[in-house]
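Asker: Input: one structure, supplied below.
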Amino acid sequence: MAWRGPLCRLLRTQLNNTRQSRAHSVAVLGAPFSKGQKMRGVEHGPKAIRDAGLIERLSNLDYPVQDFGDLSFQHPEEDEPYVRVLFPRTVGRANKLLSGAVGNAVGAGHTAVMLGGDHSLAIGSVEGHARQCPDLCLIWVDAHADINTPLTSPSGNLHGQSVAFMLKELQNKMPELPGFSWMKPFLSAKDLVYIGLRDVDPGEYDILKDLGVQYFTMRDIDRLGIQRVMEVTFDHLLSRRQRPIHLSFDIDAMDPSLAPATGTPVNGGLTYREGIWITEEIHNTGLLSVMDLVEVNPALGASREAVASTASMAVDVIASSLGQTREGGPITQASQTLKDDTEQLRL
């Protein structure tokens, strides 16, 4: 992103200083979980992403990588629907466990990467992050808004309600679900930006408009271009103060031609260049603290090639979020300083 002018030069200097203090190490956490939706197979997402070479790719970057393996989720023997919500106790218990794991990783100084699993896991991932960093902001890259409440959800699947659990403004619209007594809403609507939306339920649309949430549909990306989308995103979230970023990336944000092995694909998604631009620019802020990569479902690939393509796309998204560049290597402090000096000559 080409930031220009004296104020932008000051912001760039602040971000360079931030880069020196973040991402000393990366902690990879697997969350093989599928009960936030009805289709089996997404619990194998963490293995598929690792098998596609994630740890090796990250090991080529500038900081140590620790793979903490997969969390072990215990499922209650009985978990009846509640207010049309499916598997509330199972999902609540899993997210409580994940919250603790993410919180511990961030508290130990790691940049955490959570491998899903379905997108209901973001409830625990973002909540655990917020316990350590209450001032965080959330960038949600997804074809779907996942902001239904139990009363607006057409399906009852909790992977389509994740954000509603987080938002303070929706507290009065959320019934007390069994399994979720451990958490309270912690995020304000102004601290959230969506990128890539193209399949939003009517109830979700009303919520987005009523709360004034900043979002970019695929039409907006076509109209503005991905560079401008990211400029507005950072201005919205970071102009008042620099703070940790939580990136929650659903692989179905990408066009199905690039990531077909996922549960709810929607045509007309992000191109490879748009998806990687998003993650490169987030890395360039130096503020990424936790990221989720979810909804890779090997069971839904029509062929081995489809599964491999989806898992490879996930690896590319994660690696570019953590510093891999399309120039062929990681962004180091020296290379970034040289780039910034070159930009200064243009200003």
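Cβ atoms here come from the backbone N, Cα and C positions, even for glycine.
Copied straight from TrEMBL:
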type: BINDING; residues: HIS119, ASP142, HIS144, ASP146, ASP250, ASP252; note: Mn(2+) binding site
Asker: With an 8 Å cut-off on Cβ distance to the HIS119, ASP142, HIS144, ASP146, ASP250, ASP252 Cβ center, who else from the chain surrounds the Mn(2+) site?
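Answerer: Output for this site, in sequence order: TRP140, ALA143, ALA145, HIS159, GLY160, ALA253, THR264, VAL294, GLU295.
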Asker: Please list residues from the chain of ASP146 (Mn(2+) binding site) whose Cβ is under 8 angstroms from its Cβ, counting only those at least six apart in sequence.
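Answerer: Set apart from ASP146 (Mn(2+) binding site) by at least 6 residues yet with Cβ under 8 Å, we have HIS119, ALA122, TRP140, HIS159, GLY160, GLN161, SER162, VAL163, ALA164, ASP250.
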Asker: Run through the Cβ atoms and count how many others sit within 10 Å of the one on HIS119 (Mn(2+) binding site).
Answerer: 32
